[in-house]
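Copied over from TrEMBL:
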DOMAIN    B:32-233  domain 'Cytochrome b561'
TRANSMEM  B:26-50  transmembrane segment
TRANSMEM  B:70-88  transmembrane segment
TRANSMEM  B:100-121  transmembrane segment
TRANSMEM  B:133-161  transmembrane segment
TRANSMEM  B:173-192  transmembrane segment
TRANSMEM  B:212-232  transmembrane segment
Protein chains: 2
Amino acid sequence: MTYWEVKQQLFSMESRAGVAATPGALPYYVALSQLLGLTVVAMTGAWLGLYRGGIAWEGALQFNVHPLCMVIGLIFLQGDALLVYRVFRNEAKRTTKVLHGLLHVLALIIALVGLVAVFNYHRQKGYSDLYSLHSWCGILVFVLYFVQWLVGFSFFLFPGASFSLRSRYRPQHVFFGATIFVLSVGTALLGLKEALLFKLGAKYSTFEAEGVLANVLGLLLASFGVTVLYILTRADWKRPPQAEEQALSMDFKTLTEGDSPSSQ
Amino acid sequence: MTYWEVKQQLFSMESRAGVAATPGALPYYVALSQLLGLTVVAMTGAWLGLYRGGIAWEGALQFNVHPLCMVIGLIFLQGDALLVYRVFRNEAKRTTKVLHGLLHVLALIIALVGLVAVFNYHRQKGYSDLYSLHSWCGILVFVLYFVQWLVGFSFFLFPGASFSLRSRYRPQHVFFGATIFVLSVGTALLGLKEALLFKLGAKYSTFEAEGVLANVLGLLLASFGVTVLYILTRADWKRPPQAEEQALSMDFKTLTEGDSPSSQ
C-alpha cells in the first residue's frame, strides 16, 4: 500500500469510528459543572470555617471532617468520575476506564475517612449511631457505591468477563452509577439540613446568615448534580465507539451473532 | 384489495411500526412501582394520622394537608405521568399524550392545594415563609413543573409547533421531566426530615417509633423514584414508534430532510 492509501484507509476508519470533533457546547457544560463542583467544595469549607470552628481530627471538630470529605469524595470526585467518558472522547478506551476507576477509588477512600470521622465523633460524645434518615441513606449509598465499584472492576477492568457479558451489564452499570450519584447528592442535602436544624432550631426561620449560606450551598449541590446528569445523558454527547472497539465488535458479532454493544 | 391483502398489509405495517409484545419484565417493574407508590401514599396518611393528629382544612391540622397533597401530586401522580408512554405502548400517540398531560394537570392542582395549605398555616401561626432549604427547593420545583407543563403543552398538544421543532425539543422535555421528578422526591425527603427534627429533636436519636416510621417512608420514597427512573430510562423499554408516526416521519423527512425523531 502507498502512504496515500494508508492515509485514506485511516481516514475512513476514523470517520466510521466517529473520531469527530467534540460537540460544540460540551466544553461549556463541562466548565460549568467544574465551576459548580469547586464552588460547592469551597463553600462547604467556608461554612465549616466560618460557622463551625474549622476542622481537626481530634476533639469536637472531628465531626466537621465528615461533611467536607463527603462533598469532596461522594459529590465532586464521584461526579467527575462519571464525566470521564464524555471529556476524554478520543483517548484509548482502556486509559479512560482506568481513570474512571481511579477517580472512584479516590472518592471511596475519602468517603471512608469521612465515615470514620463521624462514627469516631459519635463514640466520643456518646451519641447513638445510624438513627436518622440521613444516616440510613448514607450507609446505603456507601455500600451500594462499594458494590458497584467491585462489580464494575470485575466486569470491565479484570480480563475475565466475556464481551457479550460486558455489553449486557454496561447499561445496568450506567443506570446504577447515575442513581448512586443522585442518591449521594440527596443524602448530602439531608445531612446539611440536619446539621442546620440541630444547631439553629427556631432561629433558622429568622434568616440567620448561616442558614441562608447553607440553603445556597444546597441549591448549588443540586445544580452540580443536574449539570453532571445532563452531560451524562445527552444522547449526542455519548462517547463515539473507536476504531479498535468497532473492529473488535465486528469480529465478535461475526463469531457470536450477539447484539452489538452500545458505546458508553 | 381482498381481505387477505388488507390483512397482510396491516400485518406488515404493524411489524414495521414495532407493535410488538410488551417486553417480558416491564409489567413486573410497573407493578413494583405502583406498589411502592401506593405504599408511600398510605404510609404518609398513616404517619399523619397516627403521630400528627390527622388532617383538617381549618386550624393547626391544616399543615398536614401539605405533605399528603405533595406526596399524592408531586410524587405518585407525577411519577405515574412519566410512565404513561411505557405502560400504554400500543395506544394512539395522541391518547397517550392527552393522558400524560392530564395526569400532570391533576398533580399540579393537588400540589397547589398543598402549597396553599402550608402558606395558610404559616400565616395563621405567624411563622415566616420560605426560609428553609426545603421551601426554597419546593418553590423552585413547583415553578419548574408549571413551566415544563406549559412548554410541553404548547410544543406537543397545541397544534402550532412544527415537526422538527418537536423532535428537537423532545429530549430536553424528557430530561427536564425526569430531573423535576427527582428534585420533587429530594424535596419531599427534606420536608420529611424537617418535620421530624422540629418535633422530635434529640428524641430522634432514641429510635422513637415515629422516627423509624418516617425513615422507612423516606427510603420507600427514594425507592419509588429509582423504580420509575429505571422503567423510564431503559433503552429497550422505550415506546416503539407507531405506523401513523412512522409514515408521518417519512413524509416530513422527504419534505424537509430534517433529522428523524426518536420515539419517546
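Please read every residue number as a count from 1 along the shown chain.
Each residue, glycine too, has its Cβ placed from N, Cα and C.
Where the annotation comes from TrEMBL, it is an automatic prediction and has not been curated.
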Most Cβ pairs under 8 Å with the transmembrane segment (B:26-50), selected from B:133-161, B:173-192, B:212-232: B:212-232
Long-range neighbours of the transmembrane segment (B:100-121), counting only residues six or more past its ends (CB under 8 A): 57, 60, 62-63, 65-70, 72-74, 77-78, 80-81, 84-85, 127, 129, 138, 142, 145-146, 149, 152-153, 156-157
PLDDT averaged over every residue in the domain 'Cytochrome b561' (B:32-233): 96
